[in-house]
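Taken verbatim from TrEMBL:
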type: SIGNAL; residues: 1-23; note: signal peptide
type: DOMAIN; residues: 57-178; note: domain 'Mur ligase central'
type: BINDING; residues: Cys210, Cys213, Cys232, Cys235; note: Zn(2+) binding site
Amino acid sequence: MKKKSLRFYVTIFIARMATVALRLTGHKATHFPGLLSNTLCPDFLGQIEKPKTIIGVTGTNGKTTVCNLIGDVLKKNGYEFVSNSEGANLSEGIVTALLANSTFWGKPKKDLAVLEIDERYSPRIYPYLQPDILACTNLFRDSYKRNAHSEYISGILNRVIPDKTRLVLNGDDLISNHLKPDNERVYFGIEWQEGEVSVTDNIINDMVVCPECDSPLNYEFIRYNHIGRAHCSRCGFGSPKVDYDVVRVDKKNARMTMINKGQEEVYHMVGTSITDIYNMSTTVAVLKEFGLDAEAIDKGFAKGRIVKSRFNAMKVGGKELIFTLAKGQNPIACSRVFDYIRQQKGRKAVLLVIDDWFDAKDSSENIAWIYQADYEFLNRDDVKAVCSAGPRYLDYKVRMLLAGIDEEKIHVQKDWINAADLITDEIIRETDKIFVLYDVATMHLVKKIRGDLTAKLKGGKKK
């Protein structure tokens with residue numbers, strides 16, 4: 001920790017006053033105090049005292065869910081901790097969380113912190129804050145504007161992750177599991193399951209050749225994209241031995257069996273998708289490294305569930321209405337949801353509201369990601385309608401047509417406030433399930449869309 005300067009003390013006083021003013025005016029004060037602190041004192045994060053133990057979670061997809069799961073387990077086991085779950089995963093959100101859990105002059109009130117850390121923003125965080133345990137869920141292609149390519153992000157992380165941080169890495173992700181090779185590490189992963197279907201028709205696979213010698217990689221199995229287990233027969237590069245290995249998934253009874261140090265451990269499942277299982281595996285590995293035993297972890301999982309802001313299913317008017325987060329500008333996240341949809345039984349309609357709300361004014365985002373998302377997964381007889389609302393509605397229509405989707409099934413409009421209008425009475429009659437996919441930046445639209453669709457399905461007028 002850096003020595004505190006006069007500038008730090010002046011800044012923390014101003015930040016405290018600003019927080020009081022924000023709360024008196026009805027604001028949550030989950031971002032601005034951190035922004036103000038960093039502006040007035042650029043190394044504020046380096047000077048404020050930290051909790052004794054810091055757990056960090058980074059990666060392209062799954063950060064928020066893993067942090068929520070870790071938090072749920074810790075709370076059910078009586079732990080108090082600092083969390084930035086209500087704020088941003090950038091430096092400003094972390095500073096705000098530390099301020100909210102410290103004395104007036106910045107001494108920590110809690111001994112533990114669980115922090116979601118944006119992988120792109122990490123050069124502004126790790127020089128000042130060194131996690132004791134850092135989990136990386138995965139590394140995929142993400143927004144071109146922010147993250148460019150997964151190799152670019154892995155290069156950043158390799159440069160800035162502290163040397164003494166213990167890593168928890170995805171043994172099935174050949175990009176993230178080779179981060180910081182000299183750091184102490186453990187791996188989590190999922191064995192190939194009986195009846196599992198390999199998804200080899202993805203557009204993207206960023207690990208086709210060995211990054212060490214450029215020879216073709218030999219895959220033992222591909223789960224999706226570059227997630228799987230592989231090796232190079234020429235130089236020995238490949239998937240590591242997994243320390244926390246899910247060997248059996250019982251979806252019927254919602255249980256997963258993991259082997260750790262030769263011992264079988266059975267855990268309740270909070271979700272049944274492969275993404276959910278990876279998130280739970282990450283959580284188990286982190287908490288075991290932290291020091292909890294299997295019984296304590298499972299106590300947290302027993303009545304757990306994925307937060308409704310990420311996934312929410314309900315029955316309305318004899319139809320199933322399913323809301324699920326699909327990060328816009330992220331081809332892998334969207335493709336995973338498309339794959340989930342095609343695996344579901346019954347007649348389906350899909351409503352996409354995944355444009356970036358904050359990009360709507362200029363709409364300057366590179367749209368290449370749309371052509372890397374697997375819209376072909378929606379070109380099925382049991383998908384009766386594919387709808388899209390938002391500024392890029394015509395781009396989505398072109399992409400759907402290129403995916404081979406019948407134009408009669410495609411329904412688009414620019415107005416995303418009234419996106420539910422695209423789900424007509426005819427579509428409702430033809431389908432059993434309606435999937436609504438939304439972006440992090442369009443969550444505020446979900447409440448209205450849910451209300452409008454619920455009213456329609458009940459036979460009434462939209463709200």
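For all residues, glycine too, the Cβ spot is worked out from N, Cα and C.
Unlike curated records, TrEMBL annotations are generated automatically.
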Taking all protein chains shown into account, the Cβ-based neighbour count within 10 Å for Cys235 (Zn(2+) binding site) is 13
In this predicted model, the domain 'Mur ligase central' (57-178) has a mean pLDDT of 95
Row Cys213 (Zn(2+) binding site), column other C-beta within 10 angstroms, all chains, value 11
Around the recorded Zn(2+) site (Cys210, Cys213, Cys232, Cys235), other residues with Cβ within 8 Å of the Cβ centre, ordered by sequence, are Pro211, Glu212, Asp214, Ser215, Leu217, Ser233, Arg234, Gly236, Phe237
Across the domain 'Mur ligase central' (57-178), DSSP yields 45 helix, 21 strand, 56 coil
In chain order, residues whose C-beta lies under 8 angstroms from the C-beta of Cys232 (Zn(2+) binding site), counting only those at least six residues away in the same chain, are Cys210, Glu212, Cys213, Ser215, Leu217, Asn218, Gly238
Taking all protein chains shown into account, the Cβ-based neighbour count within 10 Å for Cys210 (Zn(2+) binding site) is 21
Cys210 (Zn(2+) binding site) -> DSSP, reduced to three states, gives coil
